[in-house]
Structure formats: structure tokens, C-alpha cells
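*Asks:* TrEMBL lists these features:
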- 4-268: domain 'Protein kinase' (DOMAIN)
- LYS33: ATP binding site (BINDING)
Amino acid sequence: ADDYDVLRNIGAGATASVYSAIYKPNQSVIAIKTVNLEEIGLDDSRLDALRKEIQIMTLCRHPHLLEVYQSFVHSSQLYIVTPIMSAGSCHDLLSRCHKLGFEESIVACIIKQVSQGLEYLHDNELVHRDIKSANMLLDFDTGIVKLADFGVSNHLLTNLADKARRSFVGTPCWMAPEILLNQDYDTKVDLWSLGITSIELACGKPPFAEYDPMTIFSMIIDDPAPTLYTNHVRYVPSNAIQDFIEKCLDKNPATRLSVTDALNHPFLKKAAGPHLLQKYLARR
């Protein structure tokens with residue numbers, strides 16, 4: 001802990017805060033996520049989730065996944081040290097200056113990078129389970145997007161009927177129907193969330209955002225899957241993005257796109273690289 005000089009608070013969640021800091025040995029700027037272990041108390045499931053988060057993030061090495069440099073406990077605080085992503089999250093950017101959403105080429109650029117990180121997770125039998133714009137972090141200088149927060153991601157157990165894997169995890173607006181129906185699920189839940197996030201990025205807010213959680217649950221299960229039009233997109237979207245979202249939001253996980261299918265879909269296949277996002281961020 002003595003190796004770091006904390007600069008300022010850059011984010012806070014229910015039990016965690018994130019600070020920018022200087023790593024003194026080489027004067028680099030990094031991010032430190034602090035978790036108050038006393039506040040968590042003896043909630044074994046949350047401590048277990050945290051251990052998993054650190055273990056997974058430390059082992060994962062991919063250009064589009066946020067890596068962990070170090071983690072340690074100091075006077076009942078858990079510290080997780082990661083790179084700092086200079087442009088914050090996609091959610092930050094939407095709420096700051098893009099309340100009506102990003103243009104389609106930017107949505108494609110972001111979703112393609114996230115899908116590449118997700119493919120690495122899925123290839124390693126990991127399900128993220130909390131894909132949304134707040135967990136997509138941007139670097140201002142490069143336009144690189146990294147998927148963060150594996151706090152609820154979880155090893156895909158070989159026995160899919162294991163009750164522990166049916167736990168209620170994720171954020172209501174982005175949740176796949178099979179999770180809400182308490183059915184067995186796999187990596188395809190991340191594709192549903194990717195479709196919802198595509199709508200969120202294009203429209204500035206996710207579908208169902210104005211409703212309470214129980215209403216959202218019943219709408220996801222009972223109503224037709226949302227589209228860009230039902231979420232009031234401000235431009236005429238291409239057939240490619242509409243088809244991509246429709247295939248991600250297939251209520252039947254068996255016929256829903258896989259992440260490899262997604263990367264081969266015309267919407268992402270023709271997406272520009274990080275340079276487009278870097279130029280876009282520089283103009284803001």
C-alpha cells in the first residue's frame with residue numbers, strides 16, 4: 001500500500017470505490033478498486049465472488065479485457081490494482097455527452113471489441129453475466145475498449161444443472177430470459193446482454209429503463225424482444241444492426257448467436273477498429 005499515492009475518487013459502487021493513483025516506483029497512473037471487507041461482513045457468497053473476480057481477472061490476458069496488476073489486503077480493505085482507462089466507461093460517455101446514443105459505426109466498433117474479449121472468456125469456459133455499457137471501459141488515446149468487472153462472472157461448471165449456477169445475478173434491464181425463468185444457462189446469456197447493450201449504445205439508454213425491476217422481469221419474459229425502434233432510435237438503422245440485435249435477442253438460447261457467430265455477422269465483420277473510436281473521442 002505504501003507504493004501508491006491516491007489522487008482522487010473516480011467511481012463508487014455498493015461496497016467498492018475506485019480511485020486513480022500513482023504507482024511510486026515508476027510514477028505510472030493506475031486505478032485502485034477498494035472493497036471494505038468489514039462492510040461485507042461474513043457474507044461468504046460475496047467474499048467468494050470477490051475471490052473469483054480477482055482470480056479470473058489476474059489469469060485473463062486479452063487486449064479487450066481489463067487486466068489486474070496486483071491485489072492485496074491492508075487493514076480490512078481489499079485493493080485491486082488495474083490499468084486506468086482514461087475515457088471512463090461507455091455509460092459515462094453516454095450520460096455526459098451522448099444522451100441520445102452513438103452513431104451506428106461507433107456502436108459497431110465498441111461491440112466488436114467487447115465481443116473479442118468475450119470470445120476469449122467463452123473459449124475459457126467463463127460466462128461474464130453482467131455485460132452492459134458501465135462495464136465497457138474506454139482509452140482516450142487509443143480508442144481501445146476493455147470489458148471489466150468480472151465480479152459476477154463464473155466458471156461454467158460441467159454440470160449445468162448445478163443449482164449454484166442458477167443464482168440470480170446481473171442487472172435487470174440486461175438479463176436474459178432464461179436467467180429470470182431460473183433455467184439452466186450458459187455463455188448465450190452474454191449474447192442476450194450484448195444485444196441489449198447494442199440498443200443502449202445506439203439509443204442512449206437500455207430498453208425498459210423507466211420500469212421497476214419486477215415489471216422489467218415480466219416484460220423480458222412475456223413481451224416480444226425489444227428493437228431499436230421500440231427504444232426510439234434517433235436515426236434510420238441499417239439492416240445489419242437490426243438483424244444482429246434480433247439474432248442476439250432470440251429468446252431461445254439454442255438458436256441465439258454464439259459470440260463467434262456474432263463476430264462473423266456482417267454488422268461486426270465490417271466494423272472499424274479502435275482508430276475510429278479514438279478519432280471520435282478526440283472530437284468530443
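Cβ coordinates are placed from backbone N, Cα and C, and glycine is handled just like the others.
Map the listed features onto the structure and describe their local environment.
*Replies:* Secondary structure at LYS33 (ATP binding site), taken from DSSP and collapsed to helix, strand or coil, is strand.
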*Asks:* With an 8 Å cut-off on Cβ-Cβ distance and a minimum sequence separation of at least 6, pull the same-chain contacts of LYS33 (ATP binding site), or say none.
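*Replies:* Same-chain residues close to LYS33 (ATP binding site) (Cβ under 8 Å, separated by 6 or more) are ALA16, SER17, VAL18, TYR79, ILE80, THR82.
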